[in-house]
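Features as listed in Swiss-Prot:
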- 166: N-linked glycosylation site (CARBOHYD)
- 249: N-linked glycosylation site (CARBOHYD)
- 259: N-linked glycosylation site (CARBOHYD)
- 263: N-linked glycosylation site (CARBOHYD)
- 318: N-linked glycosylation site (CARBOHYD)
- 386: N-linked glycosylation site (CARBOHYD)
- 400: N-linked glycosylation site (CARBOHYD)
- 510: N-linked glycosylation site (CARBOHYD)
- 2: phosphoserine (MOD_RES)
- 58: phosphoserine (MOD_RES)
- 300: phosphoserine (MOD_RES)
- 421: phosphoserine (MOD_RES)
- 1-31: region 'Disordered' (REGION)
- 1-75: topological domain 'Cytoplasmic' (TOPO_DOM)
- 99-527: topological domain 'Extracellular' (TOPO_DOM)
C-alpha cells in the first residue's frame, strides 16, 4: 500500500471519531470549537459588582456596641436569670431529698437466705434404680435449676458400715454411689448452675444410733473435724447433721463445727436436724451457736386449722427472735408423710412465704407419696421422672404424678412450686421483709410480708373444708402499714378456678375462697 493511501486511512479514522466529541444535543449551528461536556458561562461584570460584600463589624465597633447601656442591661438580666434558675433547681432538689422517705438499709444475706433448699436423702432413689448415684445426679442438675433452689442437701453418701465406728470414713464416698472424682465433677457442674452442695455427714446413717454409742463420742468428734476440713477444701458449701438431739453435748460440738466452717468462709452453712417438735428443745439447740439453720418436726404437728397454724408460726418467730429461721415439716422425709394431700398446696405456699429459708425433700414438688405405689421403698420412694420410673413393679404410674406429666400441666403442683420459688428468690418483701399476721375470719390464716417501699404481699390460707367469704382486716398492722381496698392476684392454689387469672383485682372486703384454697396477693407501697 502507498504512503498516500496510509495518510488517507488515518484521516478517515479521525473523521469517524470526531462526531463522538460533538455535544449530543448540539444544534446544527453550534460552534465547532465547543467540546462535549464543557459548558461555558459568562457572568456579567456589572451583576457581580452589584453584590454586597459583608465583612462584619470591626473590633472597635463591637466594643463600642457592647458597651452601650442597652446591651449591658441585657447581659446582667440574663446572668441574673441563669443564677436564679440554678438556685431554684438546687433548692428543689434539696427539698425532694429531705422530704423523701428514707430507704431501709438492706440486710446482709448469704446464698441460703435467697431461696429454698432441696434435700436428697437417698441418692439412688432420686436418680432411679438404673442410674448410678452421683453420676446420675449430675444428669438431673438442669431439672433442679428449673426449681430455682439455692442449695442441694445431699446424702449421707460417705462410707458407713452399720454400727461400726472404725469402719466409717466420713471423708470417703460410698463406692456403691460413686467415686471422689465423680463428686468433684458434680461440685463443678452444680456451681455452673448456681446450685450449692451441702453434704450430710450424719455418721451412722445405716445403723441404729446416728451418732453411735455415747462412749464413742470422742472418736466420732475427731472424725467429724477431719472430715469438715477435708470437704471444705474440696469445695463443699456446707454440712448437715441430723438427730442432734441424740448427740451428747450437742451444743458443744455444734459450736465447734460451726467455728470450723465459719473460719474457712462466712459463706459456708451448717444445718442441724432434730426429730423434736418441742419448741423449747428447738430453741436450746439454736442457742448453741449463731447462724445455725435448724430443721425440725415443729410444723408436723396437726395444724389443720387457720388459728392453730397462726399460733404455731407466731410462737416460733417470737421464740427465735432475730435469728434467721428455716421452715420444714421434718428433718427428713416427704411432706406427704406428715400432711394430708388436700393441704399440700397450702403448705407449699406457707413455707415459701414465711420469713426464713424453706426446706423441701425431693418429690415434695410433685406430691410424691412414700407408700402410694407397690414396689416403692417406704421411706425413700423412687422419684417419678416418667411413667417407667417405677420399673421394679408392673403397676402403671399415672402421668400426672410424674415430672414429665406435671411439666406439661400449667395447673400442677410442680408448676406452683416453680412459681413460688421464683417469687421467693427475687422479691425483697419475700426475701427479707417483715412479717405481720392479720385479723381474719375463723379458719383463715393471713399475713402480710413487706419491705420498705417495695411491693407488699398478702397471703390468705383457708384451712377449712368449706368455702367462705371473708374480710381481711388490718387491725394488727403496725403504724405506716395499711391494706388497700383491693389487691392483685398472683397465685391461687386452686387451679380449677379458671375465672381467677393472674393480675385479677380482688376486693379485700369480701374475699371469696374455696375449700383448702390459698391466695398470694400483691399491692403497691403508698407513701
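The backbone N, Cα and C atoms fix where each Cβ goes, and this holds for glycine too.
Note that the coordinates shown come from a computational prediction; the quantities given were computed from them, not determined experimentally.
A Cα-Cα distance of 65 Å separates residue 166 (N-linked glycosylation site) from residue 510 (N-linked glycosylation site).
Cα of residue 259 (N-linked glycosylation site) to Cα of residue 421 (phosphoserine): a span of 31 Å.
Spacing of residue 318 (N-linked glycosylation site) relative to residue 300 (phosphoserine) is 19 Å (Cα to Cα, whole number).
The most densely surrounded of the recorded positions 58, 166, 386, 421 is 421 (count of other Cβ atoms within 10 A of its Cβ). All protein chains considered, the CB of residue 263 (N-linked glycosylation site) has 11 other CB atoms within 10 Å. On a Cα basis, residue 58 (phosphoserine) lies 93 Å away from residue 386 (N-linked glycosylation site).
Between the candidate recorded positions, 300, 318, 400, the densest Cβ environment within 10 Å is the one around 300. Sorted by the number of other CB atoms within 10 A, the glycosylation sites 249, 259, 510 start with 510, the lowest.
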